[in-house]
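A.B. asks: Not my notes, these are from Swiss-Prot:
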TOPO_DOM  1-10  topological domain 'Cytoplasmic'
TRANSMEM  11-31  transmembrane segment
TRANSMEM  52-72  transmembrane segment
TRANSMEM  83-103  transmembrane segment
TRANSMEM  106-126  transmembrane segment
TRANSMEM  139-159  transmembrane segment
TRANSMEM  172-192  transmembrane segment
TRANSMEM  221-241  transmembrane segment
TRANSMEM  244-264  transmembrane segment
TRANSMEM  283-303  transmembrane segment
TRANSMEM  306-326  transmembrane segment
TRANSMEM  338-358  transmembrane segment
TRANSMEM  374-394  transmembrane segment
TOPO_DOM  395-426  topological domain 'Cytoplasmic'
């Protein structure tokens, strides 16, 4: 396959964006909406809610910790077979879950098997997308990740309708069929060879190189800190509002407000990430700082107007930081190592995601309210912002019209003049 000097910034890349849109919807849209099965599982197996909640927790943990496996397979064989295999595993897990007779079966089928399938789909797809775009990378990421928000609106009522008409076993069969569309998403991931790709060295050599790369390690620490506080409103905002005397329906509706703002923020940030000159890390630091401040202000707001305004602002800024967070990594490690780099980041930052909600709940139990929970969550994001400013070129303003990836492109396009014939002759 011929090597391209730079990403095409379009062409088949838009089909990869389409694939990533549906893939993000079929992975995280399903995960976000899977709570509608929660009550059905509790009633069917007569198990406590705590044990049932482990189904989704295992699936998320396997998806995140298994990301390096998906990255390694994509580096070795390409993203297409990795994602298509992941789609088959996801559908098979949901299919087997429909025959479950105990929670252990659901742990193994949905948690382990479908979780493994999700691990093989999400990271390779976004990494492939990063290789197709350079100057429009942030916009492409923003458009692709809107699939999460849109599917969160659609899947929850859809799954409830399926439960009402086909019971939970029939609904899981149909979710299995829906998940098979991940195979089609994988088929759209056409391999792309770039001049920046490593000539030698497999996934192991790339991982070793990344673990010795200071900026990559600092970026991973920053995202882990951000991830620790990022999801707190989605987990505890409704409970916080109930403590303030809100009814359940308006409290839940506020999350829908955040989801709408999230969609707008992702697209707007994607456009700004490509339009504003300089490293994308600056924009990521801005959105992260604003999100941290908003979280810390939640305990101060008690009036409904203030809470609605804060939630709209949180949805926008938290959605805005997502596409630029994925766009910073190619600037740090290059597109040649993006598969392994993104897999490692996903694995490490999952530690923050797993610890954030339990820590927030612990602070609620100790203090009796969610004041400390939101303040500490905001502090984690502000700490992540502090780490981001240590990244290379963050304070470099000498060439405000060029982005780091543009400098790489210019270097690749530079033509060195060859000596003319007869040079040196008398």
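Each residue, glycine too, has its Cβ placed from N, Cα and C.
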A.B. asks: Can you tell me which recorded stretch out of 52-72, 83-103, 106-126, 306-326, 374-394 has the most Cβ pairs within less than 8 Å of the transmembrane segment (244-264)?
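C.D. replies: Between the stretches 52-72, 83-103, 106-126, 306-326, 374-394, 306-326 has the largest tally.
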A.B. asks: Would you kindly list the residues that approach the transmembrane segment (52-72) from elsewhere in its chain, counting only those six or more residues past its ends and only Cβ-Cβ distances under 8 Å?
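C.D. replies: Residues 27, 31, 34-35, 38, 41-42, 45, 82, 86, 103, 106-107, 110-112, 114-116, 118-124, 127, 203, 207, 339-344, 346-347, 349-350, 353-354.
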A.B. asks: Is the transmembrane segment (139-159) in contact with the transmembrane segment (221-241), using three or more Cβ pairs under 8 angstroms as the rule and ignoring pairs under 6 apart in sequence?
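C.D. replies: Result for the transmembrane segment (221-241) with the transmembrane segment (139-159) is no.
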A.B. asks: Would the transmembrane segment (139-159) count as touching the transmembrane segment (338-358), i.e. at least 3 C-beta pairs under 8 angstroms with sequence separation of 6+?
C.D. replies: no
A.B. asks: Do the transmembrane segment (106-126) and the transmembrane segment (172-192) share at least 3 Cβ pairs under 8 Å, sequence separation 6 or more?
C.D. replies: yes
A.B. asks: Taking residues 6+ outside the transmembrane segment (11-31), which of them lie with a CB under 8 Å of any CB in it?
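C.D. replies: For the transmembrane segment (11-31), the sequence-distant neighbours (Cβ-Cβ under 8 Å, at least 6 residues beyond its ends) are 56, 59-60, 63, 83, 90, 118, 121-122, 125-126, 128-129, 132-133, 140, 143-148, 150-152, 154-155, 175, 178-179, 181-182, 185-186, 188-190.
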A.B. asks: Within the topological domain 'Cytoplasmic' (1-10), what mean pLDDT does the predicted structure show?
C.D. replies: 66
A.B. asks: Below 8 angstroms Cβ to Cβ, which residues of this chain, lying six or more residues outside the transmembrane segment (172-192), approach it?
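C.D. replies: Same-chain residues near the transmembrane segment (172-192) but 6 or more away: 1, 4, 7-8, 12, 15-16, 18-20, 22-23, 26-27, 30, 37, 78-88, 90-95, 97-98, 114, 117, 121, 124-125, 128, 131-132, 159, 162, 166.
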